[in-house]
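Residues annotated as domain 'Cytochrome c assembly protein' in TrEMBL: B:4-182. Residues annotated as transmembrane segment in TrEMBL: B:20-40, B:60-80, B:92-114, B:126-146, B:158-178, B:198-220.
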């Protein structure tokens, strides 16, 4: 399992692996928002947490098809499926690798990009915490979507259509944490909901994703 | 004689063909009767004539949710017992459910305009239905994207399972996110909160009509899918010969 | 003609949209079924004949 994780990490960081592209996309998105809504602090500040969450979500979405597509094309996914490691474990490791290579840089970059959007300082810790807790669920759900669409020729658009509705609860609770945190309210309730969703997703989605992969590899 | 005998496509075609004229007839009578009766009810003193929209809005909303539940059950039967008719019934139900959701949303928007002064409000119920519509669209898109029929049935079955969990989760997340304008359940069992009888009975008839309409459309669409499947099998056989 | 009061456009629009959607669904179901039946019959005749 660890060997697989290291292999995936190495592949992602190698040239052409697309490492860092998600962060660049995230930056462009955050830079474009003020052009759309105007540079006013008063206009940007209330929407900053939502934009940052949406940006992370879209950046995640763009990188999802890489989770399984390359391994499917060169046949190593078939090898992984027949390996002694259960396919559920493969899915979990792949999602973890995606999280480390794509989502973790986003979490680190989010406070910086928050400056561009005039995110208030007292919201920054909540932004980091909520993203840290919420993004693993996004990686795992994305792995499920990628597993469902792996064999399809025009899978990209379908993948977004399937995965985005699944992100709604995470998005709602994630932005709610920041909103309450920055207004001085009690962010514990949405935070617990967010953590509950993430742990539930990590526990259950690998089985669904592995089932989808087995169907596609048949 | 068990219920599983209907999982045989030939048997299903025969019995559904025999039952179909009756169901279609009953569906037409109940739907037209319920909606027309609803249209002729007197005005509500508070909502004016807009109260008549309830006879479309509530049955469509009810069916939108129940059709998803039916798809979930059919998908489970397919995943566990591998009955093809079940998978095809789930496929056949999805567009009906999507149209029901669309009717509920459209009538809701048109109704909301004079009542709340806005076409759309990010109210928990409205938002949940929008999310439900997204799930229906994703499900239908996945069916049409996968070429191999059995794989498509399997994948959509898994998606339906995961989607059901998340549709439910979204429902509660949305409730948490925004408290809304929408009134509570229209049909409450608690005395004193019930609608008066002149509205209740046409509503019951209309709901029955929408259910029968769904049943009739579902049977026809499932029969279409079985025929298409058989046609594809025959063509494959001919190509091999 | 039944009196709808000041909300007549609202009510009529709601009924119109709903009935149009239902009609489209029924029409699509009906034509798809007819086409599937026709194609299948053609194929079966070809096989038998």
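Glycine too: its Cβ is placed from the backbone N, Cα and C atoms.
A contact links the transmembrane segment (B:126-146) to the transmembrane segment (B:60-80), because at least 3 Cβ pairs that are 6 or more residues apart lie under 8 A. Proximity of the transmembrane segment (B:158-178) to the transmembrane segment (B:20-40) is not established, fewer than 3 Cβ-Cβ distances being under 8 Å for residue pairs spaced 6 or more apart.
The predicted model assigns the domain 'Cytochrome c assembly protein' (B:4-182) a mean pLDDT of 87. Between the transmembrane segment (B:20-40) and the stretches B:60-80, B:92-114, B:198-220, the greatest number of Cβ pairs separated by less than 8 Å involves B:198-220. Listed by sequence, the residues of this chain that lie at least six past the ends of the transmembrane segment (B:92-114) yet keep a Cβ under 8 A from its Cβ atoms are 50, 53, 56-57, 60-61, 63-64, 67-68, 70-71, 74, 120-121, 126, 129-130, 132-133, 136-137, 139-140, 143, 181, 210, 214, 217-218, 221-222, 224-225.
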